[in-house]
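**Student:** Look at Swiss-Prot and you will find 8-28, 36-56, 74-94, 104-124, 125-145, 160-180, 204-224, 239-259, 270-290, 298-318, 374-394, 459-479 (among others) tagged as transmembrane segment.
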Amino acid sequence: MIINLQELIALLPFLILLLTVVIVILSISYNRNHFFIAFLTIISLIVSLCSLYFLIAIVPIDITSLFHITKRSILYISMIIISSIATCVFAYPWLLKYAFNKEEFYLLTLISTLGAIFLTISNHMASLFISVELMSLPIFGLIAYSNSQKYSLEASFKYLVLSGVSSSFLLLGISWIYAISGNLSLLCLNQIFSDLSNSEKMMVLFGIIMVLMSFFFKLSMVPFHLWTADIYQGTPASVLSFFSVSGKIAIFSILLYFFSYFSVFDNKVIFLILSLISFFSILFGNLMAIFQTNIKRFFGYSSISQIGYLLIILLVSKDEYFFSVQTGGIFLLNYLCTNIVYFGVINLFSNSCDYDIDSIHLYKGLFWVQPLLASIVTIVLLSLGGIPITLGFFGKFCIFSIIIKNHLWTIGASFLIGTILGLYGYLRLIVNMYLNPSEQSFINDIKKSNFWLCSPSGILIFISGIMLLILGIYPNPLINLINSVQ
């Protein structure tokens, strides 16, 4: 296999991260230095993000038959890297509490980031499976990094077992597809499917459904959602900002790429499965979030409904594909920014108070002590609810347009009911922050966070929150950016 110069340039962002992984391993082996490894990891992620600019002129390009890089995949890779940067920034002050094994956190984050990136550009079932495993395996360690807390160990063990079951479904589906079609290329699958007999089509369809079931588990969709709340509760907040975003962006991007060749509209079985899962995920996620008192569990159920909205984008005809990609980019950017803010805030206060601030009632009266931070959290919650002048409203408006254009009336009903239920849940959190503080709130312990905006975590939270407002009021730059990557 010979890789030419152009392909080498296309691999530059990934080679930078691979080189960083090697340096981090050597540094851990010979001379541990937490600050150096954290700084090196963040800088390498930023350099890798900037190097994506050089790919714009040479894409689309194939790197062997395993990977296919497009402008659209560059957009999703950018989001994944930004999520990784946020995770490393949030994790540094949190890891200072640990006497040992701080540096391995950044190694696991880099490896998982590489897996998510490779999944985004996968063009073959073999690279897809390896990328999913490369992305998932380090997450087991990240979830259990607070090994002194039983909830973290329990969450890691649950995710390990259930992820193994998910991987077995993925491998079964891939094997079934290959046994019938003799080809594992995502690009050729639709053509192969159309050339098969009806009985062979049913068997390939079974394999595709197995693959989708594995992805739905990773996306925590109903009915594969039962692990979500427990694992969100047990996972450290700094890890959640990565766990909740990068994998879901990568998996959604590969689903969007797959269905660009294998139209959902052309197969009633796939269309029905996606419709039902989207319908119940929206309703169940928003309904269960209302009854939560733990803020991590709340956002766990909220993520189920948010990805349920996102699945609607896949239920379009080929004529609407361009608009669905545009909508997906807007919605995922909103999802990225909101996750960075609210998990960043939880991490910020947990570090300041030396205990987990994960109960909703602990945030009562936050506005009267930290008005700017409470205002940013308010913007985030309103954006998740789809209130005007936020980016979330624009994303939901585009999804509602897809529902109308494609006559998805049943999904539309769940969309409206889910939005109302979601608004109730988000407004409950907002009102809680503006009430008078109670004795149970952590207001007395918050003094150390008075200068939160001067910290790297605070700057990241502030920028992400303000972006939701600016792009909600003036979304044209974002629309032009997404249109340019089509």
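Keep in mind that glycine also has a Cβ here, set from the backbone N, Cα and C atoms.
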**Student:** Using a cut-off of under 8 Å between C-beta atoms, tell me which stretch among 204-224, 239-259, 374-394 contacts the transmembrane segment (270-290) the most.
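**Tutor:** Result: 204-224.
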**Student:** Mind checking which residues reach the transmembrane segment (298-318)? Cβ under 8 Å, same chain, six or more beyond either end.
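**Tutor:** Long-range Cβ neighbours of the transmembrane segment (298-318): 219-222, 225, 228-229, 231-233, 240, 244, 248, 252, 255-256, 259, 263-265, 271, 274-275, 277-286, 288-289, 292, 324, 327-328, 331-332, 335, 342-343, 360, 384, 396, 399, 402-403, 405-406, 408, 411, 415, 418, 422, 425, 429.
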**Student:** Cβ pairs under 8 Å only, please: of the recorded stretches 36-56, 160-180, 204-224, which one is richest in them relative to the transmembrane segment (74-94)?
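**Tutor:** The listed stretch sharing the most Cβ pairs with the transmembrane segment (74-94) is 36-56.
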**Student:** Does the transmembrane segment (239-259) reach the transmembrane segment (374-394) with at least 3 CB pairs under 8 A, where each pair is 6 or more residues apart?
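**Tutor:** They do not touch: fewer than three Cβ pairs between the two stretches lie under 8 Å.
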**Student:** Which sequence positions outside the transmembrane segment (374-394), separated from its termini by at least 6 residues, show Cβ-Cβ distances below 8 Å to it?
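**Tutor:** 302, 306, 330, 333-334, 337-338, 341-342, 345, 366-367, 419, 422-423, 426-427, 429-430, 433-434, 461-462, 465-469, 471-473, 475, 478.
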**Student:** Report yes or no: does the transmembrane segment (8-28) come within contact of the transmembrane segment (104-124), defined as 3 or more CB pairs under 8 Å with a sequence separation of 6 or more?
**Tutor:** yes
**Student:** Which residues of the same chain, at least 6 past either end of the transmembrane segment (36-56), have a Cβ under 8 Å from a Cβ in it?
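**Tutor:** That would be 9-10, 12-14, 16-17, 19-20, 23-24, 27-28, 69, 71, 74, 77-78, 81-82, 84-85, 88-89, 91-92, 95, 103, 106, 109-110, 113.
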**Student:** By a Cβ-Cβ criterion of under 8 Å, what residues six or more beyond either terminus of the transmembrane segment (160-180) are in contact with it?
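**Tutor:** For the transmembrane segment (160-180), the sequence-distant neighbours (Cβ-Cβ under 8 Å, at least 6 residues beyond its ends) are 125-126, 128-129, 132-133, 136, 140, 189, 196, 200, 203-204, 206-215, 217-218, 224, 227.
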